[in-house]
Amino acid sequence: MTTTKRLKFENLRIQFSNAIVGNFLRLPHSIINVLESTNYAIQEFGIAVHSHNSDIPIVHLGWDGHDSGSSENVVLINPVLATVYDLNQKSPLVDLYIQRYDHTHLATEVYVTPETSDDWEIIDANAMRFQNGEILHQTRIVTPGETLICYLEGIVTKFKIDRVEPSMKSARITDGSLVVVAPKVNKTRLVKAEYGHSNKTILKNGAIQLLKKVILRSTVCKMDFPKDNLFVVYISDGAQLPSQKGYASIVKCSLRQSKKSDSDNKSVGIPSKKIGVFIKCDSQIPENHIALSSHLWDAFFTHPMNGAKIKLEFLQMNQANIISGRNATVNIKYFGKDVPTKSGDQYSKLLGGSLLTNNLILPTEQIIIEIKKGESEQQLCNLNEISNESVQWKVTQMGKEEVKDIIERHLPKHYHVKETGEVSRTSKDEDDFITVNSIKKEMVNYLTSPIIATPAIILDGKQGIGKTRLLKELINEVEKDHHIFVKYADCETLHETSNLDKTQKLIMEWCSFCYWYGPSLIVLDNVEALFGKPQANDGDPSNNGQWDNASKLLNFFINQVTKIFNKDNKRIRVLFSGKQKTQINPLLFDKHFVSETWSLRAPDKHARAKLLEYFFSKNQIMKLNRDLQFSDLSLETEGFSPLDLEIFTEKIFYDLQLERDCDNVVTRELFSKSLSAFTPSALRGVKLTKETNIKWGDIGALANAKDVLLETLEWPTKYEPIFVNCPLRLRSGILLYGYPGCGKTLLASAVAQQCGLNFISVKGPEILNKFIGASEQNIRELFERAQSVKPCILFFDEFDSIAPKRGHDSTGVTDRVVNQLLTQMDGAEGLDGVYILAATSRPDLIDSALLRPGRLDKSVICNIPTESERLDILQAIVNSKDKDTGQKKFALEKNADLKLIAEKTAGFSGADLQGLCYNAYLKSVHRWLSAADQSEVVPGNDNIEYFSINEHGRREENRLRLKTLLQQDVVHETKTSTSAASELTAVVTINDLLEACQETKPSISTSELVKLRGIYDRFQKDRNGEMPNGENSIDIGSRLSLM
């Protein structure tokens, strides 16, 4: 059955059934069999009910899919619906015409009007249930001019169908259709406002006739409005102007649930007031748009915004005699707490060139404008074409009760009255924006594209990285340059998100706003607070319920946005912002709601210089010394986020205030002092090493390895202007391999100190985890940590234990680690500022894929030192200095010949030579201690000879006192000699070194040396780079791998 053909069934009787809820029929079994044979869905059938042998339909209904259960010629209908169309069980027979309504007969929008004001109040009281689709569930076929019924909480409401979009005689609605209800208010129940809100066009002096009415979309443009004309609007330059004067009013959003109060019973959908305006044209205004002056927005009690529906009514040109301000009296009623701040002459200058409207309230000026001509009020007063002398200006102070009434009944919530009586409007934060990231342009281009795959995108980045600041910059641009309405919400500040009904109501309000004011953009900052990722609840049922609510809310949000998006691709866009993409509910991605993801990283040095200059400029007291530049400071603040830079700038300011005689000039010393005491957020909790206490000169030999490390790690940072223009990808990975104890780990530790890079050391147990996915997560977090503190060296010691060849692990853990390493080291993002340094003694055990270009680009051997290299190592050991005192750690006699020791230590590694020196040092210590034990000690002496004059019997007492004094002198002398001995240093002689050389043996045996030499030779020459074929070995004793 095609859409143009109809099935006709005659001579059917009508019966009532309360089981039918809505605008449906139930058909007899004979008709159902015919419809089921067509293989079309029951939702696609529409039924036209005709009187028998009549061509005029009574009503168009849908089929609810049930059998009437009666005789073959009976159809069932809801009794209330039957009453509407005067159908009863005693009515004559009816005929049914059944037609298929396919996708070409779908209505996107249906405009209806309640039959009575009671119906409207029922809808208003049950707006949530109505908006959640009650009418869509109870209706399938809509026809202009017919009546619908809808059950809300058991109460029946009736609607008249005004029109459908796209226009057609009869159409089918689905879950994606929008039903727009025009309010119908009982006028006798309205409380008439004393001031303003007048929609009449009939005056006592005569009638103001309207030429034309248009509804335009408001836009916030960067325009210079005339200062002498407060109430002016600009429309598109291509529009024809029937008149240069007219009324402007805002059409309230009819999709939003009205909020009634005792002081304001106005209904949504009715213009709040009409204000007389001058109408001008400008080429900056897009077609079908209108720009309003700031005073006009203020008179509407509304923030300047995009998307508001502005009703513009043009006045006839020959009405000048009616709206003339000649001989008029303008009474300015001041409702501030204090006396009026301006005189009549000042108000004359402020309002003199405008078109004034009677009883107009200007909240920020705290005045009400009243216009009279003689004894009667005048609705409009044109002061632009007459002199101020022909107008009488009066300023009066309103009483306290009148002021209180105005504030309670007329001023919206975003206006507040201060204790001084001043009325102000809470406005948006208008910061001075500074663009430091290029991804804003990419995001704006994507969001403003006419066609995109899905409506949502995600911006992620760590806390303090600048997401909210970037969002504000983006919102400012799309509002000013692209005329898009933006609804911004910080999900962390939302209350009662655990209450499903209240949050659904809030989401419905967002979507209603965006549909009405569209094209629009919903920006949800910190989205993980509202749509977080479900986590393991460990048996806690309450936690499970909370996550279940979060998923329900997200599903509800996706469905609401998708409905609008499917109707009009340009109507709505969504931008999510969160700390990590993995913390957001995966339902967003499972339903393919998000199409693109942008990640915000720490600013580079140019952006940091720009930010530092911006934060310094905000603090007008500080200034840099002449020898400092912001580009120099940016090099010292690698890894700082914008928030870190802002806090750091404040710290510099406070440190500056503690200095005396500084003239508020930031010097190099002050900056370094503040920097050393500040830790950026990216480094908090990170095991980071920047001072390894191992200097380049502490390592002997290994000249080739040192050169390669400096070329790879130091040069790109030191000579950045040269390397930044390199057309090829720079080397970022080095493998140090060689015999045990030959300085691989020592080199890695010293290179960070030499090149001034951050250093993160990684050990196998910190990464490997038996649980699937845990090891990979550790690798990802490790690289993210290194990226946040770049330039950084990521050092993997004993790399063969972390990334062995795949297919030889019984648990499969290291296989997954290798796969993740391959992705991170040579992924699409690359490693900008992160260098990989790996050390191993068995390079043959490392997976060959990691040794290819783009990963570990260069392999450097740390070989067994030759005689000259051993001499170099010995000299480095004995010449090493203490970091704190600057003195040599190793005291060697002056005439010692280290070349002799180098000749006798063939086959020794660097670690062996260091151990030999330590053994020699111990021998010198033993020799020094033996010499110290033989030091002189002053003996005691009991035979003391002395003489005394006039002792008078006190001889023995004096002898004992003298003995005590002498013993104290002996103790002091012993202590002094011991203190002097402690300052001596054990000196290592050549004999100590020779004895230690005889006692020390190489740590690498001859057989092990031969084995390793063969491995390294094959690694250097015969390595073919072949990977395992993935097949398990079938040899006896081989292990299986969990792949």
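A Cβ is built for glycine as well, from the same backbone N, Cα and C atoms used for every other residue.
Some features that Swiss-Prot has for this protein:
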{"type": "BINDING", "residues": "461-468, 738-745", "note": "ATP binding site"}
{"type": "REGION", "residues": "453-626", "note": "region 'AAA-cassette D1'"}
{"type": "REGION", "residues": "733-926", "note": "region 'AAA-cassette D2'"}
Handout entry: Cβ neighbour count (within 10 Å, all chains shown) around PRO740 (ATP binding site)
Key = 15
Problem - Under 8 Å by Cβ from GLN463 (ATP binding site), counting only residues of that chain that are 6 or more apart - result: LYS579, LEU643, SER681
Completion exercise
For the binding-site residues listed (LYS467, LYS744), most other Cβ atoms within 10 Å of the Cβ sits at LYS744
Fill in the blank from the handout: Ranked by how many other Cβ atoms lie within 10 Å of their Cβ, the binding-site residues ILE465, CYS742 are led by CYS742
Handout entry: Model confidence over the region 'AAA-cassette D1' (453-626) (mean pLDDT, whole number)
Key = 84
Problem - Assigned conformation of LYS744 (ATP binding site) - DSSP reduced to three states - result: helix
Problem - List of residues, in chain order, with Cβ under 8 A from that of GLY461 (ATP binding site) and at least 6 apart - result: LYS467, LYS579, SER599, LEU600, ARG601
Completion exercise
GLY738 (ATP binding site), Cβ-centred 10 Å count of other Cβ atoms over all protein chains shown, is 23
Problem - DSSP-derived structure type at LYS467 (ATP binding site), helix or strand or else coil - result: helix
